[in-house]
Amino acid sequence: MVQVKNKVCLIVHDGWGIAATPGLKGNAIEAAPTPNMDTLTKNHSSRELSAHGTAVGLSEGLMGNSEVGHLNIGAGRIVWQDIVRIDVSIKKKEFHQNPIILRSFKRAKDGNGRLHLLGLISDGGVHSHINHLYALLETAKAEGVPETYVHFFGDGRDTAPRSAAGYCQELVGFMEKEGYGELATVVGRYYAMDRDKRWERVGVAVDGLVRGVGEELGGKGVGEVIKENYEKDVTDEFLKPIIVNGDKGRIKDGDTLFLFNYRSDRMREISTILGSLDPSLSIPVPKDLHITTMSQYNPTFPFPTAFPPQSMSNVLAETLSSQSIHQSHIAETEKYAHVTFFFNGGIERAFPNEHRYLIPSPKTPTYDHEPRMSVGQVADKVAQIIHEGESEFIMCNFAPPDMVGHTGVFDAAVEAVRGTDEAVGVVWEACREKGYVLVVTADHGNVEQMRDLETGEAYTAHTTNRVPFIVAGGGEGEGEGEGVKLRLREDGEGEEGALCDVAPTVLDLLGLVKPEEMTGRSLLVHE
């Protein structure tokens with residue numbers, strides 16, 4: 001086994017950005033007491049990293065997200081995201097000739113003539129993009145599919161909480177202009193896109209899609225019904241099924257389905273139900289459904305995929321495993337996929353000598369009710385593993401800033417930040433006692449901006465702000481690790497530190513050579 005220079009513990013804050021302008025209202029990080037993060041930033045080497053747009057493989061100016069952040073952190077390279085791949089294919093008109101898409105639409109045309117397009121409809125760009133739906137509608141029309149129904153999943157997390165009515169109007173306008181397609185259902189992502197095995201929630205969405213269980217229009221326009229929900233404080237994310245075109249648009253035996261979200265984690269449950277993949281679930285669905293997905297939601301799923309995953313080798317976890325180095329990955333349920341599947345470059349299985357620990361997230365309707373979530377238990381588990389000393393590399397995710405930030409409830413977000421900072425203190429104390437170097441960063445911004453800077457209303461989406469990057473080793477304020485002066489370089493001309501630099505820096509701290517596949521750079525200064 002390779003002898004490492006320093007044992008390393010990496011904390012990834014979820015949704016902890018650095019506001020471009022200090023002192024603005026709605027900054028939960030500034031409003032909360034954060035003595036541990038403040039001390040680490042002041043007494044040790046710290047800088048900022050870019051976590052959005054082309055720096056993490058997204059379109060220019062697009063906000064980062066948890067999946068993208070953990071992919072880039074773990075891969076040590078810029079990982080070009082599905083949204084960019086799809087956008088480029090649409091621009092080049094390759095999308096309209098994609099053989100998997102064409103095969104799906106041909107099946108619909110040659111079968112019973114019924115195609116359903118299901119997914120999150122907004123321009124948030126985190127899970128999907130409305131432009132991709134437009135390209136699908138254009139393609140289905142060109143291929144002569146007789147009936148195409150759109151099932152609208154409301155966003156309200158990666159976009160403004162009350163924006164679905166506008167997106168519905170835009171979508172209906174597009175379909176009227178094309179003379180093609182019908183809006184069939186509207187339902188919030190809270191129900192359609194659960195990822196915490198709350199099957200009863202997904203069942204609400206499926207009952208609407210299949211059996212028409214939900215709110216009828218009653219002669220009103222869909223936008224009017226959505227706005228009536230707003231008046232009851234039911235925002236986009238929490239919309240229960242709205243049945244737009246009656247029984248006609250329900251999913252029936254023999255229909256063809258295309259699920260157009262490209263981010264996988266929040267589509268696994270609904271596709272499991274629609275695909276009848278889990279016999280233990282008692283949620284009936286029609287027979288002989290033919291399902292195609294935009295990206296691969298799970299390697300074990302049998303569905304054809306329009307944009308299959310890119311192959312990535314020698315990510316951080318694999319590099320450590322190949323040298324028989326023990327590593328531990330810890331998170332609570334909401335972010336467990338991020339410290340495993342995404343951090344490992346889209347690989348579901350654990351590498352040899354990789355140990356995974358799942359801490360259950362609290363069962364609560366929304367996390368503003370339990371803003372600390374399970375961050376204390378995650379920190380305690382990390383501290384335990386540090387004290388055991390068997391893992392040379394430990395990484396964990398602290399979920400509250402992001403998950404509570406998405407609720408838009410400011411006071412709860414302040415408490416989430418407070419709890420997260422206390423968790424940092426628990427881990428830092430263990431690192432100091434056992435001689436680990438602590439690295440702290442974040443996957444993207446969120447909780448530092450809880451108010452829309454123009455309207456003053458609650459802001460629940462991610463931000464394009466930079467994120468912290470802290471390296472702390474040795475005793476308090478000393479900044480010394482064995483064999484390495486823990487000082488971070490600043491950006492030179494044409495250089496911008498980004499999340500892809502985290503893995504090379506970790507390898508440098510461990511005293512290991514960076515594999516050639518990693519295009520990021522170590523940010524340590526060697527003296």
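The backbone N, Cα and C atoms fix where each Cβ goes, glycine too.
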Listed co-binder of substrate (same site as His127, Arg157, Asp158, Arg189, Arg263, Ser264, Asp265, Arg266, Lys335, source TrEMBL) among Arg195, Arg198: Arg195
Further binder of Mn(2+) 1 named by TrEMBL next to Asp402, His406, taken from the candidates His290, His326, His329, His462: His462
Identity of the Mn(2+) 2-site residue among Ser66, Ser374, Ser391 (reference: Asp14, Asp443, His444, source: TrEMBL): Ser66
Where Arg195 (substrate binding site) falls in three-state DSSP terms: coil
Per DSSP, three-state class assigned to His444 (Mn(2+) 2 binding site): coil
Remaining residues near the recorded Mn(2+) 1 site, that is with C-beta within 8 Å of the centroid of the site residues Asp402, His406, His462: Asp14, Gly15, Asn65, Ser66, Arg157, Asp158, Pro401, Met403, Gly405, His444, Asn446, Val447, Thr460, Ala461
Pairwise CA distance, Ser66 (Mn(2+) 2 binding site) versus Arg266 (substrate binding site), rounded so that it is a whole Å: 12
Cβ atoms near Asp14 (Mn(2+) 2 binding site) (within 10 Å, other residues, all chains): 27
Binding-site residues near Asp14 (Mn(2+) 2 binding site) (Cα-Cα within 10 Å), from His127, Asp158, Arg195, Asp402, His406: Asp402
